[in-house]
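S.K.: One structure, pasted below without further comment.
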Amino acid sequence: MAAAGARPVELGFAESAPAWRLRSEQFPSKVGGRPAWLGAAGLPGPQALACELCGRPLSFLLQVYAPLPGRPDAFHRCIFLFCCREQPCCAGLRVFRNQLPRKNDFYSYEPPSENPPPETGESVCLQLKSGAHLCRVCGCLGPKTCSRCHKAYYCSKEHQTLDWRLGHKQACAQPDHLDHIIPDHNFLFPEFEIVIETEDEIMPEVVEKEDYSEIIGSMGEALEEELDSMAKHESREDKIFQKFKTQIALEPEQILRYGRGIAPIWISGENIPQEKDIPDCPCGAKRILEFQVMPQLLNYLKADRLGKSIDWGILAVFTCAESCSLGTGYTEEFVWKQDVTDTP
């Protein structure tokens, strides 16, 4: 893994945004909803997006738009992270990278307009420019179709059954029933834009103990209680946890820390990966940290409405150091999950 350098760290914050800002043609970084796919061809299929623990479809968690300056083949580049929110595992994680040159088959050569489009509706995209159909429930590749109407597409039998139960059974036989009005399947996470800001450097001598207490006090009672609860599980790892608290103190609402090749900040001294734990890319290159997802994101997900809640301390996403060329396909990368407490 690469050592920390002088590169600035970019922080991500969850903010509400109009639906049009979160569509693929705007190249968004976002949490929840359906994926705003970058390349419209070569999407990961149902098997690639199935939980390795329980086998059920993963939920889209977030995507980060991260183009690489000086790389014509990665003028557009995005990382997509998926997780399992089903009981009993609530743990499965998979991450994919996709990149495109500026001149491609899917987007204009010129930057997108910053003005809202003329239409006012918030229709759901169910077919990409490549012709690929998307699942009505999750927005991932939908190779399966309703055997009755042949108009509704799904990624899996599970999602077809869910949609059937929540209204497709009644609507299926009606003409023109698939007008992009999709019921709430209670599967997607709440949707937010990820707004990026550069982290201000915090000099150690500036954060005195009395100031530190004031900073932590400004973090909000709920978050302070959450972190104090985490602290109860710490023993010899106190220094690591205190470093974590100090690092996030000035921006306690950060949900993401981005910086290719930087060192992650861990929440615990346990389950920190060694270099041998991070598999090389199939191209032969090492993988380096691209970004880490912070526990603060859990406050936005409302995941406990399904029963047992998903949980993590840190999700560290590692990608190919060379960002190897992919054409229009999606390549799986690696994510390391550090828990606050041991998972039963």
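Placement of Cβ uses the backbone N, Cα and C atoms for every residue, glycine included.
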S.K.: When Swiss-Prot marks a stretch as zinc finger, which of 21-58, 135-172, 249-286 is it?
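M.R.: Matching range for zinc finger: 135-172.
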S.K.: I need the CA-to-CA distance for Cys155 (Zn(2+) 1 binding site) versus His168 (Zn(2+) 2 binding site), whole Å please.
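M.R.: Distance between the two Cα atoms comes out at 15 Å.
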S.K.: C-alpha of His168 (Zn(2+) 2 binding site) to C-alpha of His159 (Zn(2+) 1 binding site): distance in Å?
M.R.: 11
S.K.: What count of other C-beta atoms do you get within 10 angstroms of the C-beta of Cys172 (Zn(2+) 2 binding site), across all chains shown?
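M.R.: Step by step: centre on the Cβ of Cys172 (Zn(2+) 2 binding site), count other Cβ atoms within 10 Å, giving 17.
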S.K.: With His159 (Zn(2+) 1 binding site) as the reference Cα, tell me which of the binding-site residues Cys146, Cys149, Cys172 is the closest one.
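M.R.: With Cα distances computed to His159 (Zn(2+) 1 binding site), the winner among Cys146, Cys149, Cys172 is Cys146.
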